[in-house]
Amino acid sequence: MTPSLMRSAAQLVRRRSYSAASGHPERKVAILGAAGGIGQPLALLMKLNPLVSSLSLYDIAGTPGVAADVSHINTPALVKGFMGDDQLGEALEGADVVIIPAGVPRKPGMTRDDLFNINAGIVKNLSAAIAKYCPNALVNMISNPVNSTVPIAAEVFKKAGTYDEKRLFGVTTLDVVRAKTFYAGKANVPVTDVNVPVVGGHAGITILPLFSQATPATNALSHEDIKALTKRTQDGGTEVVEAKAGKGSATLSMAYAGAVFADACLKGLNGVPDIVECSYVQSTVTELPFFASKVRLGKNGVEEVLGLGELSDFEKEGLENLKGELKSSIEKGIKFANAN
């Protein structure tokens, strides 16, 4: 890759301007599940991020090859690969940000809930290791179903006495990325200028894009257009699974979204002001204990959970409709975490 292409790739992650010069604090990022379909492109994108000084890649198998491959890229981050249970502690030790894409992907006909039994167990074990080896890290949960895996991690951290609600995030950035893309295409506005908050959860009807708050605003979209855009955002994962004819899920776009959110977390840790992203966190925005909304990121993780703002009637209806399913997913995660 030429230097100009490398810079362009890195700029995809750096949506806000910052200097790539020296002077940033040293930051270690660990990716758990780094040899998988999301983990590999995510490792590539984090290697391109100048805020990362140390990149720790962990998986149950295959990580040495991924680490060797990524380590050859001529950017400053030092890359190490770790494999198997006995190397998990070393992979995590000293991490500032831990990103978890570990688990099995969706296959045709599977819902996120179908993934629960496998991925819930993986997340529970990894969370226990995080509590032991890097309890102060910001944890970015990608493993589905996020609506349940974030509560699982919270319960594990509580049992270990390390839980800090400001440091645990469900990564819902892909919903925002999709909403921006779909809105820009329909409204015929430059996608780089678009912002769309997405609230609720990270599965089906729990995903609620707030197109009434989209910027730049447009009068070109009818109520039917908004309904269709909402449905497409909610079904974006299924769209990719079907397009890949059962041979994969949303790995590349998820890796990009994961890199965008991790980049925001690193900027917050480094004291960059006004870093706001949507994320699924412990929340009092609704009566539900976890909810995705805009959060302001800072040196301690979540500095502020922002409110929903003014909703359209359609969005108010969507909000009420999602609460039952989201509540059930949260309770399922808590029950699983406390079962043993």
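Using the three backbone atoms N, Cα and C, a Cβ is placed for every residue, glycine included.
Feature annotations, reproduced from TrEMBL:
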- HIS202: active site, proton acceptor (ACT_SITE)
- GLY33, ALA34, ALA35, GLY36, GLY37, ILE38, GLY39, ASP59, ASN119, ILE142, SER143, ASN144, MET254: NAD(+) binding site (BINDING)
- ARG106, ARG112, ASN144, ARG178: substrate binding site (BINDING)
- 28-170: domain 'Lactate/malate dehydrogenase N-terminal' (DOMAIN)
- 172-336: domain 'Lactate/malate dehydrogenase C-terminal' (DOMAIN)
Helix, strand and coil totals (DSSP H, G, I; E, B; other) for the domain 'Lactate/malate dehydrogenase N-terminal' (28-170): 66 helix, 28 strand, 49 coil
Candidate nearest ALA35 (NAD(+) binding site) in space, where candidates are the recorded positions ASN144, ARG178, HIS202 and distance is Cα-Cα: ASN144
Fewest-neighbour residue among binding-site residues, criterion Cβ within 10 Å, set ASN119, ASN144: ASN119
Alpha-carbon spacing, SER143 (NAD(+) binding site) to HIS202 (active site, proton acceptor), which is rounded to whole Å: 11
Alpha-carbon distance [HIS202 (active site, proton acceptor); GLY39 (NAD(+) binding site)] in Å: 19
Other CB atoms within 10 A, centred on GLY39 (NAD(+) binding site): 27
Least Cβ-crowded entry, counting other Cβ within 10 Å, from the recorded positions listed as ARG178, HIS202: ARG178
Integer Cα-Cα distance in angstrom, MET254 (NAD(+) binding site) to ASN144 (substrate binding site): 12
Rounded inter-Cα distance in Å - GLY33 (NAD(+) binding site), HIS202 (active site, proton acceptor): 20
Residue with minimal Cβ packing [other Cβ atoms within 10 Å] among the binding-site residues GLY33, GLY37: GLY37
Farthest-apart CA atoms of GLY33, ALA34, ALA35, GLY36, GLY37, ILE38, GLY39, ASP59, ASN119, ILE142, SER143, ASN144, MET254, residues recorded for NAD(+), distance in Å: 18
Distance, HIS202 (active site, proton acceptor) to ARG178 (substrate binding site) (CA atoms, angstrom): 12
Euclidean distance between Cα atoms of GLY37 (NAD(+) binding site) and ASN144 (substrate binding site), Å: 14
Distance [Cα-Cα, Å, rounded] between ASN119 (NAD(+) binding site) and the residue listed as 'active site, proton acceptor': 15
